[in-house]
Every structure is written in C-alpha cells, then in structure tokens.
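**Student:** Okay, handing you the structure first.
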Amino acid sequence: MFFLKKVKKKVKKQQEQNQKQQNQNQQQQGFLSNNLDQNLQELQNIYQNCMDVVFRQFQIGGKTKAALIYIDGLANIEETDASVLAPLMKESDVRVNGEQQSIDMGIDVNHILEQKLTVSKIKKVRTITECIEYISGGSPVLLIDKQIEGFALGLSKWEKRSIEEPVGESVIRGPREGFTESLGTNLALLRRKMRSPQLKMKSMKIGEYTQTEVVISYIEGIAEQTLLQEVETRLNRIKVDGILETSYIEEYIEDNPYSPFPQVLNTERPDVVVASLLEGRVAILQDGTPFALIVPVSFYSLLQSTEDYYQRSLISTVTRWLRYLFLLISLLLPSLYVAILTFHQEMIPTTLLVTIAASRELVPFPALVEALIMEIVFEALREAGVRLPKQAGAAVSIVGALVIGQAAVQAGIVSAPLIMVVSLTGIASFTIPRYTAGIALRMLRFPMILLAGTLGLLGIMLGLLMILTHMAALRSFGVPYLSPLAPMQGREMKDVLVRAPWWKLNTRPSLTDNIQRQGPNQKPNPDYGNDKTSKGKGGSL
Amino acid sequence: MIEKGKISATQMGIMMYLTIIATAILLVPAITARQAKQDMWLSPFWASFIGFLTVYIAVQLHQLYPQKNLIEYSEDILGKFLGKAVGLIFLFFYLHVSGIIIREYGEFIVGSFLLHTPLVFVMGTIILVCSFAVRCGLEVIGRLAEMIVPVVIIMILILLILLIPDMEVANMFPIMEKGMMPSLKGAVIPQGWFTEFFLIAFLLPYVADRNKAKKWGMISVVAVMLTLSFVNIAVLFVLGELTAGFIYPAMSAVRYISIAGFLEHIEAIVAALWVAGVFLKIAVFYYALVLGTAQWLNLSDYRPIIFPVGFLLLLFSIWSASNLMELTHFLGSSSPFYRISIQMGIPLILLFIAKWRKRASNSNQGKYQG
C-alpha cells in the first residue's frame, strides 16, 4: 500500500509538472488552464474595476471548486439559481471520472451536463477570449476546477422593449409587429415569417470596442452570390471603434457617400425585410437597433409603401400615382411659385393673378426671399416638432400654426398663396413613404428655389436635369438607381407604373437569375358553369 | 477602349430620336413652309431617305470595323495622315455644329423668355449642365434619354390634342397643287437634320446588342419622320400660310392653346421641356466631340478634356453667327449642303474605299493562294 502511495505521489508530481507546462503553453495561447484559481485570477484581472461583473464561487457537492461568472443585469439570475446553482450545490454523489483513484482528475463533467444542469443551451468554451465574449454577451460562464473547459450557459436575459407597431411605418392593413433593439427577437421575427431553411443568417462582429453583432440575411437560391460577396466585402472593410445604429454601416457601404439620395433602404418591419429577401435582396440586421438595412435598392423601391402590396391592386395603383405626383410637388412647387411669379406671370389666369397681386401688395420681399424664409421656417418647425418632448410639442404646433399662418399674412410678411404653397409642399413631402427619400427631396428644394429665382422655369429645368443626371449615374450595389425605368426593364414596369395584381407579378426584379416567383395561370378563374353550389342558389353570373 | 460603358440598341435609338427632333421641331416647320407651302407635311418623308441612307452607311462601316468608331477606322481606311485629317475635319465640324446648336438654344431662350439675361450666361449654363452628363459617360446619357423621351412624346401628343380646337383642316388643301417639286424643295433643308444620324457612328461600338442596332437606327429615323410630319401638319392646320413668317412656328402655335380660360400661355412649360430635349442633343454632340478628340489625340481618358472643350463650345457658339438673322440665314441656305457633304459625303467615300480595299486584299489573298 505504501509503495503504491509513493508511486502515486511520483505519478502525481510528474502529472503536475506536465500540467504546469501544459498550462503555461495553454495560457500563452489564451487557453483556459485546469486550475480554477488561475483562471479566475486572469478573468478578474481583465474585469478589473468592472463592478457589474459577478464572480460567484461555490463547491459542487461540497468537494469540487467551481465558479460562475456573469454580468449583473444581463444574466437571468433566477434561472441560474434554480437550474445551475441549486442542482450543483446540492449534488451529493459526486461521481468522478473513471475509478476512485483518479479523484484528482476532477468530477465527471458529462454526468453534470447530462443529468444535473437543466439548461438547454450550453456551449463549451476553451479560451479566455471566448469566455469574455460569452460573459459580455450575457451568458453566465461556469468554470470548474480541474477542467480545461468552461461552460457558457444560455441564460442571458436583459430588459428589452416588447414588440410594438413601428412608429415610422404604420399601416392600415398588414402585420403590426416591428423590430426591437434585440437582435435575437428580430431574427426570430424573420424566421417566423419564413420557415424555409433557405433563409440564411450569417453573423459577424463589427466595432473594435462595441463588438456589435451584425447579421447578413438572405435566401439561398434567390440572392445572387456576387451580391452577397459584395455585401460581405464591404462589411468586412469596416474598421471602427463602434457602431450604434445601422446608419453607421449604411454610410460605410454606400456607393456614393456624397449623394443626397439614400442608396440603402432602412426598415423597422419584418414583413418588408422578408418581401425584399424574396425579391433577391440582402438584409443587414444589427444588434441594438430596430432598423434593418436592405440592399440594393432603386429609387422606385423607396417610393413604394409596404401597404401597396396589402391593398387591392387598383387602389394601390392610384395611390402610387398620387405619390408620384406629390413627389414632384414636394420638389417643385415652391420653385414653380417663385419662377412663375418672377418671370412668367402670363401663365397665371388673370383672375388668379389679380388675387395674388392683391395679397402680395403689402409684402416687402420678392417672391424668392419670401419663399426661402417660409420654407426654412417650415423645416425648423418640423425639426422642432420631432425633437421636442410631447408636452412642449403642442405649444410648438400652436405657435407654428401662427407663424406659418394667418398671423404671418396679417403682419404683411408673407402672402397668403405662399402659405398654401408651403403647407402643400410639407404635406407632399410626407406622402413619400420612406423618410430618408422624402428628406432628400426636401433638401433639394432649396437649390431649386434659388435656381427658379435666377433663371425662372429654365433654371428649374436645368436643376431637374442635374438631379436626373446624378440619379442616372447613381448606383446602389451596382444596380442603377433609376432602374427599371432607365435602363428600361419592360418586365418590371408592372410594379412601377402600376401595382399589378399579385397573380400577375410573376417575376422577380432582374437582381437575380431565379426569376420565376409563382406558377403559371394564377389568375383567379371561378368556373360558374360547373359549380354545383351556384346552381342550387339559382344564380348565374 | 476609352468608353467602358455599354448601351442597348433601344437606348441608342431613343437617344438619336431626341437628338434629331430637339432642334428640328423648333426650326423645321418654318424652313419647310417657305418652299413647300401647304405640302410641308410631305417634306419630312422625302428628307427621311437621307436619314435611312446615313444609318445604312454608318452601320455598314461599323460592320467592317466593329470595335472602332469613325475617328479610329478612318485611319485604318485612309492611312495615318489622311485618316487623321478626316478625323480633324469631323472634330471641327462637330465643334462648329455643336456651337450652332447651343447658339440656337441661347437665341431662343433669350429671345422668348429671359429677355434681359446675357446670351453667354444662358449658353454657359447649359454647357455646364451638359458637361456633367458627359462626365458621367455614355451609359448615363442613354438612361437620361430613356427618362426624357417618354415625357417629350407625351408632351407632343398632349399639345397636338390641345391644339385641335384651333385647327383648320382646309389649310392643307390643295394637296400637291404644283406637283411634287415644292415638297421636295422643302425637304432639302430638313435632310440636314437627318444627316445628324451619322452620330451613331460614334455610338455603335458601345452598343451591347449589335444585331439590333440597325433595326433601332431605322426605327429612330421613322419616328423622327413621323414626329416632324405630325408637327408640320399641326402647325399648318393652326397657322396656315403664315407658318413661313415665324421663326419658331411650333412655339407660336402653342400660344394658341387656351382651355377654359385657365390653361393658357403654357409655352413657358413647353419651352422648359424642350430645354430637356436640347440638353440631351448637346450632350450627345458634346460626348461625340470629346470622345473623338480624346481618340484623335490618343488620350487614355476623355474626362480631363471635357471642360476645355466646353469652353471651346461656348466660344464657337458665340463665333458661329453675329446675330439670329445671320444664323437662320445660314441654316436656311448653305448649312444643308455643309452638313450633307461631311456627314454623308465623307462617310460614303470612306465606305467605298473600305469596301474596295477589302475586295482588293481578298483578291490578293486569292492570288497568293492560287
């Protein structure tokens, strides 16, 4: 027996030496050592002055040392207590690896994993970096003495907003759920709408300090590989300390960063993302913001509202045309007012001209200055209305109504027709469903007013031609911005000029080679001749 | 190749359509009416033969030298020295013609709308705007054409419909009172516009679907012919014998439009849309000029010379005539021969020589083989 003990001691010494060497090697590569204290020491060094990180040390079955490391507020403490700490600490029959003699090798991990821990999501971690990644992500990490592996427990839980209707993109008909700030929730929302395993989600991390998780989502077989690669290369290029919103990413991946026009679509709606994925586009989601990015987009897709596809096709078509009309109004109306009053008075019908002249009689400014002042005031009011707290908002709207309204006219600073022009422009710019596209046109209005004031209708035309040239040259991830109108894609016109019924929208945009999106003969074709039910009712159509 | 962009044959056709009618629609009715009187609507039909011939020549030359445009293949056909000389002739011709187009535009705007604005400023602004389009390349010009042409066609149709109340069909009669001759004489000057179709010689190498290029060239000629004919008819119906007395009869006819006392004096809007057409026309000429110059000088990129050439264009537009009268006199007298001799005469000679050389080399090969 004694001899045996001696041998054991020797073996143990050797093992310890070996392990020490191993430990040193492993620690140099950032691996966890099999010494709990050492691991804890290292983590504590890293998490120095981080009072939100909790190191909970305990013993499994009163014998083996273990520690649980988590961030207070990110980990689900109740769950952890109930399904990790309780079963482990109450553990009485600590089974060891193999036979009694190798007790120093530690406890039987598989036994713990298989029978004790009532946690569904457990990941093994081997390096310190991995540990930190999971701890920072909210998952408590369980480290056990004599084990070179730690266990990240999927028990993260933090305060998050519930799923609400997106404020910026509300609809009358259609799903009302919107993305939240939690990436997991957002991905789940997508997956619930598309069950096919073809829906892929690739994860990556952007931001040296924020380590923000970014997910590229696409449908395999529909999205082009080249597009996907382009998206990935552009995302991989981003080297920045942190990203807080997808707009950061947007500015890094745009084709033309100086263009006033948005070349990436952002949305809060899962149904918009799924619809875009089905058209062969790629979505970029980011943790911490409810806004997903969709690329590539054309100018027309920015003018389409979600609801176009949920209303009946005829109504959507009319709405679309209304929108195109008001798009022009939001860009051109003030400049037309200035141009016509300054250069082309003969175009106004006589009676109207008399009225306008009468109302402008007391106004000291030329039309150009008048329009510029009022448009700037309107923009300021809009900005103030967005930023102010709700209680003050009401006051602003009352004062605003006076400023751009009757009082301004009575004070003789502006004329009444201009008030109409400004408010109509304001309304028009809000008919554009995408805020970013609307704001681009609203900003372009100012150079247009200046051009109209200097060169009249000619100036407006020159300005329009410049904008058009710019748009024709613009691309979003290689796709011409004005497509499918220029370059012309006749097939896609049925979703631009009109909104054809769903059974007619049988092809995808030419972003993808997988063009067919529905079977043939999808037009509803009720056959009343052979229908027995209609015979019974005696009705014939 | 300097230009890396590709356009479709459709884009080329649409582009050429607008390039031809932009100025033709304004000036041709009056010029035709002077000779053809009430048969002025027939003249575009005769004039269009020149158009078909020009497109044919350009396409034939293109088929002999598929990758090259006029400046490049003229060297292949005539040898280095003569080829460069022909290239230089074309470049100066396009410089001159573009100058004239810009001058026409400037005179029209200053004469009709911006009476107190200096001519140079009006012409300078359009050159500036066009230079941006040229800078963006051929693809963008093609897309712009696709955006502008539908608007222009719809505008022409709406104007024709709005003019119906003022139309007097009797103005058309008697048809061919003095036989064919007046309408043929009336076609002499409009054919100058149809020779401008030779511009496709600069565009053909960049057309993606080559086999359709000829078809779309011809469709474009037919469309121009029909448009001019319709406009001539409309102007004739509205203005009658007075047509020849106006400088811009189509514009004068538009002044007649008055719907319910509300829709009146829309000529400013029409003119604004016409500006879009002229913009494209100048852009296409400007592009051909800049591209040709870059090739002639063996440059690797045409963008650096856009602004210098634009400045030259402004100078040429001022030098081209001392006033509007001189300009219209030139357009109405010697210009058609000037245009036809360069845009059809030289290419025709080039085509014959090229064919002859090809045949000669083929028979030579035959000899050696035999």
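Glycine is no exception: its Cβ is also placed from the backbone N, Cα and C atoms.
What TrEMBL lists as transmembrane segment is B:12-31, B:43-61, B:81-102, B:108-132, B:144-164, B:184-207, B:219-248, B:268-293, B:305-325, B:337-354.
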**Student:** Using a Cβ cut-off of under 8 Å, list the residues of the same chain at least 6 residues beyond the transmembrane segment (B:12-31) that approach it.
**Tutor:** 40, 44, 101, 104-105, 108, 141-142, 145-146, 148-149, 152, 156, 186, 189-190, 193-194, 196-197, 199-200, 203-204, 207, 213, 216-217, 219-220, 223-224, 227-228, 231-232, 235-236, 243-251, 274, 277-278, 280-281, 284-285, 328, 331-332
**Student:** Are there residues at least 6 beyond the ends of the transmembrane segment (B:337-354) whose Cβ is under 8 Å from a Cβ of it, and what are they?
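**Tutor:** The answer is 50, 53-54, 57-58, 60-61, 64-65, 70, 73-74, 77-78, 86, 89-90, 93, 97, 191-192, 195-196, 198, 201.
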**Student:** Establish whether the number of Cβ pairs under 8 Å between the transmembrane segment (B:219-248) and the transmembrane segment (B:43-61) reaches at least three, counting only pairs separated by 6 or more residues.
**Tutor:** yes
**Student:** Cβ pairs under 8 Å only, please: of the recorded stretches B:81-102, B:184-207, B:305-325, which one is richest in them relative to the transmembrane segment (B:43-61)?
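**Tutor:** If we count Cβ pairs closer than 8 Å to the transmembrane segment (B:43-61), B:184-207 scores highest.
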**Student:** Would you kindly check B:108-132, B:268-293, B:305-325 and say which stretch has the most C-beta pairs under 8 angstroms to the transmembrane segment (B:81-102)?
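**Tutor:** Top-ranked stretch among B:108-132, B:268-293, B:305-325: B:305-325.
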